[in-house]
């Protein structure tokens, strides 16, 4: 008989490691599992410790958050460990973040953190502790199939859904992970935290880039990859120089504000050319892309991705975390994959993720995804014809 986590055995005989960041979500996750009788072990990762960040509202995995996680664990009466992952985090996440901006991309550090720190290194530690599962406070859900494997689905709370940031989770990792908050709303989580008497019940949510102490990501870029802040030209689609900029890392595709140039009509960043330090701008209609080339594709749709695609697989894709899934076709084989957007999308930026879903809304299944490498404005009439790239990473 399976318990509430779809695992064999009674809760009291089932050890679960909970990744505790010190926030309300992971704290409530630990409290829920403890209340259900599981053998809960809390682990908090020390990822960075900028002096300015440790007491900032919304900081994560440093300073005050570690103390909050320790206090919650003490109240729940569960073992709690703090692991120093600063070196791993710097190498896998912060350096990657800076490199991506230097290439003219707009990275999503949370994806890399989940992929390389939480769901690889921490998962390994959980296994070494004899845990049958690793639970997190993410707003996403998983469902058990008849064969025992699991599928990733969107959270019940669409406003909090974090599936975009978890597309790179492997099937092996997914089978070991549990997301107890996936069918709850944020207000319900906070109310539960109050019932459990957790001091973090009304704590502010974490920020998008937890390791940026001042809120200015360019400070990190300037320190780690100063060449990304070298000045260069702002040009139009025909290459005419319209002005100068103070570093491509200050811009992202689709940006309108802060260009510092005068024009009769609104201009937007269409692409960033890192090799020659050029920011290319154009009218809004130049932003719409219809074809996306992907790298590092992760498939969660079951079976072999090439077999699933065949001559083309219809799906829905999200090209930014704040966007709604849009109809698209996935094509390709042998590690080379492209997305054809039925209606096109604006602001498609290299470095962002393109996440696959089987439905446009509700608790849709996550089929995987990849990182955007380049994009083109029009779909070629001949599939074998090379892309004329409009956006290049």
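Including glycine, each Cβ sits where the backbone N, Cα and C put it.
Note that the coordinates shown come from a computational prediction; the quantities given were computed from them, not determined experimentally.
Here is what Swiss-Prot says about this protein:
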ACT_SITE  113  active site, nucleophile
ACT_SITE  210  active site, cysteine persulfide intermediate
BINDING   19, 20, 21, 22, 23, 24, 25, 26, 45, 137  ATP binding site
DISULFID  113-210  disulfide bond
SITE      138  site 'Interaction with tRNA'
SITE      352  site 'Interaction with tRNA'
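Nearest Cα neighbour of residue 210 (active site, cysteine persulfide intermediate) among the listed recorded positions (45, 138, 352): 45.
Considering only the recorded positions 113, 138, 352, residue 25 (ATP binding site) has 138 as its nearest partner by CA-CA distance. A C-beta separation below 8 Å, combined with a sequence spacing of at least six in one chain, links residue 138 (site 'Interaction with tRNA') to 25, 162, 165, 166, 179, 181, 182. When secondary structure is read from DSSP and collapsed to three states, residue 352 (site 'Interaction with tRNA') falls in the coil class. Residue 138 (site 'Interaction with tRNA') falls within neither a helix nor a strand when secondary structure is assigned with DSSP, and so counts as coil.
When secondary structure is read from DSSP and collapsed to three states, the residue listed as 'active site, cysteine persulfide intermediate' falls in the coil class. Residue 352 (site 'Interaction with tRNA') has a Cβ environment of 26 other Cβ atoms inside 10 Å.
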